[in-house]
Amino acid sequence: NMVMSFRVSDLQMLLGFVGRSKSGLKHELVTRALQLVQFDCSPEVFKKIKELYETRYAKKSSEAGQPPPQQHRSPEALSIHSSYDRGSTVARTSLPTTNIDYPVLYGKYLNGLGRVKPEVRLVKLPFYTTLDELLKPTELVPQNNEKLQESPCVFTLTPRQVEQIRTSRELQPGVKSIQVVLRICYTDTSSPQEDQYPPNIAVKVNHSYCSVPGYYPSNKPGVEPKRPCRPINLTHLMYLSAATNRITVTWGNYGKSYSVGLYLVQQMTSAELLQRLKNIGIKHPELCKALVKEKLRLDPDSEIATTGVRVSLICPLVKMRLSVPCRAETCAHLQCFDAVFYLQMNEKKPTWMCPVCDKPAPYDQLIIDGLLSKILTECQDADEIEYLVDGSWCPIRAEKERSCSPQCPILVLGSSDVNGLLPTPNGNGENGKATADVVDLTLDSSSSEEEEEEDEEEDDDDEGPQPKRRCSYEKGLVSAC
C-alpha cells in the first residue's frame, strides 16, 4: 500500500536505490516497484520504502495537521488506481495483507478486478497444461449499479515467460502452443469449477477486443443454444516484452458472482494426448483378463451363471474397426471405443462422456485395453468376439457366414426356399440363406410339425418368405425350448 501511494519521484528514488531502470510512465514504474516488493524485498529495501513513505507523509501531514492516511485506512479496503487511466479511476479491492503494510500480490500484476479468491479452484483441462499462475482467481466486483460493468487488470510478463511463448511451436498459423489464457467461473468454493462466462462478456487486451467462443446452434425447438465456455487465448494481442499489458473484462451484473484468473498454459493436441495415453495408460493384458473373469464369475444372488459376454470390435463413435480400444476405469462395461476419435471429438467439443454408457469418462480415467488390443491383431476376420468365463475368447462370425457354414448343418433346419418350394416335413430345407434372421441352435425338429405345415400351405402362393411365416417359426422356436 505504501508503494501504491508513491509519486513518480518516490518510485524513481526507490528503483534507483536497487539499481533498476527509472525510465517509463508512472504505471510502468508502479508495476516494476510491485515486482520488487514481491520478489526482491530485502530488509534494506523495505527500510528504504518506509523511509520514503514517512518522509513524504510527514511533510504532508505537518502541513495539513493530519496523521498519515495509513493510520485511518482499513487494510481490508485498500484503494488502488487503475494505472491505465493514470489515476483518474479508483477501483476498490480487498487484498490479503501481512504484518507489514503493503499488499501481497499473487503475480506480476496490478489488480483492479476485485477481491482475490485463492480458495476458488478451476477444473483441470486435459488440453491445457498450466505452467504459471499469473493471476489467482479474483472475484468480479461491481463498481456501481449499472448492469454492464468493466473490471481492469494490468500486468507484465517476465523475460522467461516471454521467451517461452516466443519459442513455442505454432499449433496453427498465428496460434502459439504456449499461451496466456483468461479463465472465468462461478465464485464457488465447494468444488473445482468449470469455465462459465457471465452475460455480455467482452475481453479487451491493450487496444483490441479478443474473440470469445460463440454459441452452438440448437436443433431442438424451444431449447436455448449452448455456449462452450473455454479458456480465452489472449496471447496474440499481448506485448511480448517487458511492457505492461492491460486487460479489461466487460460483464453483465445480474446477481451471480464470477471469478477470473490468468494462466500461462501449454495447449496440447489430441495427437499429443493420445501419445501420452499410450505411454502411461495401457492396461496389461493379464490385468484385463482378470477383469473379464471377475465380470463373468457367478453372482451368488443370481440363479443363472453368466457363461460369456460379447464385445464388438467396431467403435460405437464412428462405426469403424477399433484401432486404439479404450474406456474409462470407472465404466462398468467391457466394451471399448476408439481413443483416437474420442480425443479428436473432445478437442473440438469437450464433453468427456462415454459413448457406451453415457457416463463421465474424463481423460485422466482413460485406459487402453491391452487384451482387446492383442485380440484386434489376432482376429482380423470377425467384428465381434465373446469372452468366456475362464477369461479366454472366441470370434463371433457374421450370421450369414455361419448359416452357410458346413460345420453347422443344424443351422439350416426349418429353412424355407426362396423359390416358393415347401420345406420337407422333417425340416431339411435346401437353402439356409432366407432364414438367417430366425435360425436358432435350440430348434427341435419334432416340435409342432403339423401346425407348421398347415401354416406353410396357407402361404404357398406368397412370393418368398414373409414376415408372418418367420414369426410363426419364431413362436415354434420358443415353444421348443
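Yeah, the Cβs are placed from backbone N, Cα and C, and that goes for glycine too.
Here's what TrEMBL has on this protein:
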- 447-464: compositional bias 'Acidic residues' (COMPBIAS)
- 3-37: domain 'SAP' (DOMAIN)
- 108-268: domain 'PINIT' (DOMAIN)
- 300-381: domain 'SP-RING-type' (DOMAIN)
- 59-85: region 'Disordered' (REGION)
- 421-481: region 'Disordered' (REGION)
Would you list the DSSP helix, strand and coil counts for the residues of the domain 'SP-RING-type' (300-381)?
22 helix, 19 strand, 41 coil
Taking DSSP states H, G and I as helix and E and B as strand, how many residues of the domain 'SAP' (3-37) are helix, strand and coil?
25 helix, 0 strand, 10 coil
Please give the average pLDDT for the domain 'SAP' (3-37) in this predicted model.
79
